[in-house]
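Notes to accompany the following structure.
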């Protein structure tokens, strides 16, 4: 059987082989061509049953090849017999049949023999139960039709009988097919004995031809037999011959991961026009797949004020209803949970760093509320709602510099920041009005890949940095020796007013778990003091084991690495060989959630005091000295509102570059987005949100590249049915607004979910961060080209750009990207980070 690729019933007739590329003897194709030239050709035959088709084929022979009436009757009787099929069964059904089938000595009943009629039975006019139940039908694409190839040797024939039949309409031919499908084509080749192998190979050649998209097109449109021969000649023109002795003909060639489209095959010029160096036309065809262009309509200047914005709104408005209805799919549930945990972790991380940089003028609570508000508004009204907003590293650097400048010059930080935010919003609206987003068309792969790689590396670096910082909070006793365990102790030196020194000795087990603290009773009553009680009462700890918590750091790294590895393995489970496709897809979609739940369970089972997710539980500003509304006048001199325009220019460049580069990456052609982009509308939303977040003292937000890419990847759509051996086809992204909206609403509600969220260990979330950074880094071609630098030429993969670009040019391009990336990293890591967007 063939669906895209060939499958054979293995010896013993119990199972189908793995799908493989059919390898045909060249002679069989020449024999097939001869058969078609001499065969009975019936095109657009009107028939409603298989018997009618056979009768027409046998009586429609030319006079010189006409069969005798007795031979026609015997051939008709033979062809109308019920064929024996090999049904596709589930593992449970096979085990059940094997357990029920009687075995006496060497004679065992075959499971398939009980499913289909006995040999010699007549073809049924209606589909059998086994056809309707056959699980193989799930693999058949919707709208498919069947073609039947009947070949073999017949003892009563002296010369071959061949017929090619095309029905005018697809007709269900009873129990002829393995699954109940309408049939369109039939090919029959029966002949005298001693040539069965030749007949078999001709039949395989015919089936392979009918599986070829270009020959199918010819066969459906053919008006004469000569048209079929012409289509076969075109097939032979593209044939590739493998020399004998250089490969094993019995080896089965596995299906490739990617097949060329029929459009590219028809675009290839004849061999005599191609040069010997791959061909300019072939190179151009490959480059069309590699090219990175943005829709000219989305970024074309209209020449009118707000012309691009109006066009964005008109483009997105018809899709607004479907942006919510398209989210009603089970795949959106794991996407929401995954991105929610990533967003909460990001909000806590940046909120903590903002609190340190601004003396808690902006803290974790402000980060939560700002993320929830800005993200929700953006998802409701933006042009690309798959984008996830977040605070970014360059914005954090600017906030730190702005706070230090305000402190040094005795300026009110929040009021100064308010005016900067208002100017940024004004500049952003001006950029939208003048259609400045059309500059995005000049962002090339070079810039996009460098920026995406930088943000991905920041995620990887920050997750590792956070884990290494645990060694400071929970230090390891590197000098620990098992033989010295009796000398390890921790003493609480407690001084009380008008009382002598009381010394409390805390004895420790070898695993450093405190057992009890004993204070001598005279001259004071006995006391059992914990570490926190000792410090609260003004004491301090003395001893060789007071500062060490060795189990926590080691176990945190195990949670961190385990979560990352588990996420990566489960994400790849979709392409695994184990379990049915539905189970693999479910596990892959919920990979991050399963990993988090698994390692949260491990952490809870062991009960170590690993650092947990701490969420604010009260709705009040982190710094009590500030309120929820920032007033524009009163605390600073009047001229501050004018001077603020200067730093606002830098922030505007930062926001524009960060927002638009991320938008370009998310709107790549390879994601197959159907609803269009909205570069001008996105920039307007971010600019207007600057007004609200500045007036309320909340952080500034812009598109987060890595989390947005993770959001896109979690919403990938693939074809539900795929032929055996064929990889599921990527259909695009599930474009909708609801997942992002729910994520940001949950982020705001997280303040009231603190009792539940406090059980999630931070190392587990850092492992998710590492997974997101690595996954985003693997989406850019830059990573593949860096690997090429380390590979000898003979081991390099057969990449399209390596066929048409000299390797030294590829390495030069990659080296320049690496230098630029290193320069950006240096700039980002110093006080010069304020000019980071200019460097981009």
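Any Cβ shown, glycine's included, is placed from N, Cα and C.
Because TrEMBL annotations are produced automatically, they should be read as predictions rather than curated entries.
Among the ranges 552-570, 571-589, 609-627, the stretch that TrEMBL annotates as transmembrane segment is 552-570. By the count of Cβ pairs under 8 Å, the stretch nearest in packing to the transmembrane segment (367-396) among 335-355, 416-434, 738-757, 764-782 is 738-757. Residues 362-368, 371, 375, 388, 390-391, 396, 399, 462, 466, 589, 592-593, 596, 613-615, 622, 699, 704, 707, 710-711, 714-715, 739-740, 742-744, 746-747, 750, 757, 760, 762, 765-766, 768-769, 772 of the same chain sit 6 or more residues outside the transmembrane segment (335-355) yet have a Cβ under 8 Å from a Cβ within it. When Cβ-Cβ distances below 8 Å are used as the criterion, the transmembrane segment (812-836) is approached by residues 393-394, 397-398, 401, 446, 449-450, 453-454, 457-458, 650, 654, 782, 785-786, 788-789 of the same chain, each at least six residues removed from its ends. Long-range contacts of the transmembrane segment (416-434) within its own chain (CB-CB distance under 8 A, at least 6 residues past either end) are made by residues 305-306, 308-309, 399, 402, 406, 630, 632, 636, 640-641, 644-645, 647-649, 651-652, 655-656, 680, 683-684, 686-688, 690-691, 693-695, 697, 700. Within the same chain, residues 298-299, 306, 308-309, 311-313, 315-316, 350-351, 354, 361-362, 366-367, 369-371, 373-375, 377-378, 381-384, 387, 389-392, 395, 399, 414, 417-418, 420-422, 424-425, 427-429, 431-432, 435, 437, 440, 621, 626, 628-630, 651, 654-656, 658-660, 662-663 sit at least 6 positions outside the transmembrane segment (678-702) and bring their C-beta atoms closer than 8 Å to a C-beta of that stretch. If one looks beyond the transmembrane segment (552-570) by at least 6 residues along the same chain, the residues whose Cβ comes under 8 Å of a Cβ in the stretch are 463, 467, 470-471, 474-476, 587-588, 590-592, 594-596, 598-599, 602-603, 606, 608-611, 761-764, 766-768, 770-771, 774-775. For the domain 'Band 3 cytoplasmic' (1-249), the mean pLDDT of the prediction comes to 80.
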